[in-house]
Amino acid sequence: MKDEHIAVLMGGFSSERSVSLSSGTACADVLEAQGYRVSRVDVDGHIASVLEQLQPDIAFNALHGPFGEDGRIQGVLEYLKIPYTHSGVMASALAMDKGRAKIVVASVGVSIAPSCVMSRFAVGKEHPMEPPYVIKPVCEGSSLGVIIVKENESVPSLNVVGSEWVYADTVIVEKYIPGRELTCAVMGNKALDVCEILPEKHFQFYDYDSKYKSGGSLHVCPAQLSSNIYQNVQRMSLAAHQAIGCRGVSRSDFRFDEETGELVWLEINTQPGMTPTSLFPDIAKASGRTYGDIVQWMVEDASCMR
């Protein structure tokens, strides 16, 4: 039995709760198998008092979505002086805001798609840019709320303004880039292998279901790309990780249009999924690391003041 007591934070109350429970359970299982004393914590509004009672040596952050990866839980852990995994307060908050993250990443020479941040009600009145374009909640993950507006389509007013929209009122609208979906993980200060995502044909893109349903997508890792494009994806992933100030692990998503040669950075994820169908474990495996290796590395990398 190892000496450290690890609290695995999971669940929470974001729309990605089920994903977080899956990630957290898998990580907790591995940590227990490695001999750590593990407390599985389903995060709620009393998390500070729960952690004060548990007095863990390390908090393993397996939360996803608002509160879990936007700087708030990180602030609680800093206040309680509990070392934790993944990025710190500032980087988490910045990465979660897709609009601001794009500005920072573009400032270090990373190619991004033209975009604008606006109210969802304004999008519902007229096209904010010439279609095709993509509408996303500015602070959500797992492709939740993503709408693709194709050429010659009308304004998607019911989807964005209607009562079925359950996300925040601010959205980011960006030019739709056709082509291949690529992603690259960073671990510490090293870019790992590039992975291509091939959603099953009945999925329009790599959405929530294709991410988490068994057989929803195929992960080709390493991706079959020219050495120039492959290295550019790695370079931009590391540049984004460093510009935003990420710590631990991150994963950047890209679109590559083979016809034009355009390679565009889309967004960064500071809390990559660790579910059985997640990308990050597959990327790490291609680099010669087991699931247990990466979980162990995250624990050893944990600290405050990240």
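Each Cβ is built from the backbone N, Cα and C atoms, and glycine gets one as well.
As recorded in Swiss-Prot, the features of this protein are as follows:
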BINDING   128-183  ATP binding site
BINDING   Asp253, Glu267  Mg(2+) 1 binding site
BINDING   Glu267, Asn269  Mg(2+) 2 binding site
DOMAIN    102-300  domain 'ATP-grasp'
DSSP-derived structure type at Ile135 (ATP binding site), helix or strand or else coil: strand
Using Cα positions only, nearest of the binding-site residues to Pro128 (ATP binding site) (Asp253, Glu267, Asn269): Glu267
Integer Cα-Cα distance in angstrom, Ile135 (ATP binding site) to Glu267 (Mg(2+) 1 binding site): 13
Neighbourhood of Asp253 (Mg(2+) 1 binding site), C-beta criterion under 8 angstroms, separation at least six: Glu181, Leu182, Thr183, Trp265, Leu266, Glu267, Ile268, Asn269
Pro128 (ATP binding site) - helix vs strand vs coil (DSSP): coil
Cβ neighbours of Ile135 (ATP binding site) where a neighbour is any other Cβ within 10 Å: 21
DSSP-derived class (H/G/I helix, E/B strand, else coil) of Ile177 (ATP binding site): coil
Set of same-chain residues at least 6 away whose C-beta sits under 8 angstroms from Pro156 (ATP binding site): Val123, Gly124, Ile135, Ile147, Val149
Distant-in-sequence Cβ neighbours of Thr170 (ATP binding site), under 8 Å, six or more positions away: Val117, Met118, Ser119, Arg120, Pro137, Val138, Cys139
